Structure formats: structure tokens, C-alpha cells
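Novice: Summarising the annotation, Swiss-Prot assigns N-myristoyl glycine to Gly2 and lists experimental evidence as the type of evidence. Under the heading domain 'EF-hand 1', Swiss-Prot lists 31-66. The domain 'EF-hand 2' annotation in Swiss-Prot covers 67-102. Swiss-Prot lists 104-139 with the feature domain 'EF-hand 3', giving sequence analysis as the kind of evidence. The Ca(2+) 1 binding site annotation in Swiss-Prot covers Asp117, Asp119, Thr121, Glu128. The annotation site 'Involved in dimerization' is assigned in Swiss-Prot to Ser140 on the grounds of similarity to another entry. The annotation domain 'EF-hand 4' is assigned in Swiss-Prot to 148-183. According to Swiss-Prot, the feature Ca(2+) 2 binding site maps to Asp161, Asp163, Asp165, Lys167, Glu172. Per Swiss-Prot, the feature phosphoserine maps to Ser201; the stated evidence is experimental evidence.
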Amino acid sequence: MGCFHSTAAREFPDHENPVKLASETAFSVSEVEALYELFKSISSSVVDDGLINKEEFQLALFKNRKKENLFANRIFDLFDVKRKGVIDFGDFVRSLNVFHPNASLEEKTDFTFRLYDMDCTGFIERQEVKQMLIALLCESEMKLADDTIEMILDQTFEDADVDRDGKIDKTEWSNFVIKNPSLLKIMTLPYLRDITTTFPSFVFNSEVDEIAT
């Protein structure tokens, strides 16, 4: 958990105490305070209501409020812990914690499993992996032939689906990740280790600030 000793932790009206959030995450109090500045910037980019809606989240992640993106939608759904269609500051900090370099392998593995388990069945199915792969390729502007995508899916399930039931359960996914740690690269944002030295450059992109002004 983060170092949460502070003599002058700021209070954020209508939001959770930074000391409390630091005690529950890998962030220090000063890092939580820096995250609050980021949260304010994102949450006011479209509607200034102290909450992050899906449009603001997509704008922060991908600089584009018009283009729907499955990956962004899934991340938003996982951040939206209370299922209200918006993200409050507490959920924002706790959810970002899984991307911290000090977050455990277990936390990161669980998050990626839920990311791919789009139907919330407790299993990752081939079509879910295909949808996510296509979404990630589109976002990176990479193009792969359909047969290449199918080959990737075949190899993934050959390696991960140990009991050959056509789906990947949590145990199979955990073992697959251990053998293929590169799968978790997206789950670590190094600058989360000390946001206070990188803010305001720590932001998914700088366009949020430009739109807010």
C-alpha cells in the first residue's frame, strides 16, 4: 500500500480523503493529490460535474470523443465500479492502482481477465479475444489479414485452453500470463510510480486540458 503519512493532506470536498485512498493503494498521499488534478482535468473536459463520463474517458485515453472503441469501453466499464455510468474520484484512484508498477501480478492478471471476459461469464471465449484484438489493432492503426488473426487465436487457445473446452478459465489465464508476461505490458504505467515528478505531463494525453480551456 502507499505511504500515507502526511502532515498536511489536502481535503477534496465531495470526494474521498486522500489519506484513506493512499492507505488502500500503492500511491502516496502526494500522488493521490496529483491524481486529483488529473481527475479534475478529465472530469471537466465535456461536462464539469466532478465525475468522468464515458465520453470524457474516451477523450482522455484516445483523444477522440467521436470514435467508439471497444478497448476504451471495457476499461471504462471496469473503472465504473458502482455501475452508474460515471467514475468518481475514489473509483478512479483505486482502478488506476492496478496499473501502478508496484501492483501485484495477481491484481494485474485479474484485471486483464475481466477485461477480456466481456460477457462476464467467468470465462474468456474465442470471440471475445477476437473482438478485443481487432479493437486494439484498429487503435494502433495496424492491419492484419483475417487468416493471420485466426492463426493468432488458434495459437492463443492452443497454449491457454488446457482442458480444450473452447474457453479459458481464470486458472488457465493465470498460467498463460505467467508463461507470457508480455501480455501484462499494457498493465503497467511506469510514471505512476511517482506522479508528483511527472505531473502535469502525466495524463493519457494533453488534449483534455486544451479542450477544457
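Yeah, the Cβs are placed from backbone N, Cα and C, and that goes for glycine too.
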Novice: In whole Å, how far is Asp119 (Ca(2+) 1 binding site) from Lys167 (Ca(2+) 2 binding site) when you measure between their Cα atoms?
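Specialist: Roughly 13 Å, rounded to the nearest whole number.
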Novice: Given the binding-site residues Asp119, Glu128, which one's Cβ is surrounded by the fewest other Cβ atoms within 10 Å?
Specialist: Asp119
Novice: Suppose the Ca(2+) 2 site is Asp161, Asp163, Asp165, Lys167, Glu172. Which further residues of the same chain have a Cβ inside 8 angstroms of that site's Cβ centroid?
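Specialist: Same chain, not in Asp161, Asp163, Asp165, Lys167, Glu172, Cβ within 8 Å: Phe123, Phe157, Ala160, Val162, Arg164, Gly166, Ile168, Asp169.
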Novice: Using the CB centroid of Asp117, Asp119, Thr121, Glu128 as the Ca(2+) 1 site centre, which other residues of the same chain sit with their CB within 8 A?
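Specialist: So the extra residues in range turn out to be Tyr116, Met118, Cys120, Gly122, Phe123, Ile124, Glu125.
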Novice: At the Cα level, what's the spacing in Å between Asp161 (Ca(2+) 2 binding site) and Glu128 (Ca(2+) 1 binding site), rounded?
Specialist: 14
Novice: By DSSP assignment, list the helix, strand and coil residue numbers for the domain 'EF-hand 1' (31-66), in that order.
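Specialist: Going by DSSP assignments, the domain 'EF-hand 1' (31-66) contains 22 helix, 2 strand, 12 coil.
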Novice: Tally of helix, strand and coil residues over the domain 'EF-hand 3' (104-139) according to DSSP?
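Specialist: Reading the DSSP string over the domain 'EF-hand 3' (104-139) gives 26 helix, 2 strand, 8 coil.
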Novice: What Cα-Cα separation, expressed in whole Å, is found between Asp163 (Ca(2+) 2 binding site) and Asp119 (Ca(2+) 1 binding site)?
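Specialist: That separation, Cα to Cα, works out to 21 Å.
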Novice: Sort Ser140 (site 'Involved in dimerization') into helix, strand or coil using the DSSP assignment.
Specialist: coil
Novice: Using a 10 Å cut-off on Cβ-Cβ distances across all protein chains shown, tell me which of the binding-site residues (Asp117, Asp163) has the largest neighbour count.
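Specialist: That would be Asp117, with the highest Cβ count within 10 Å.
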Novice: Give me the Cα-Cα distance between Asp165 (Ca(2+) 2 binding site) and Glu128 (Ca(2+) 1 binding site), rounded to a whole Å.
Specialist: 15
Novice: Would you mind reading off the Cα separation of Glu172 (Ca(2+) 2 binding site) from Thr121 (Ca(2+) 1 binding site), to the nearest angstrom?
Specialist: 15
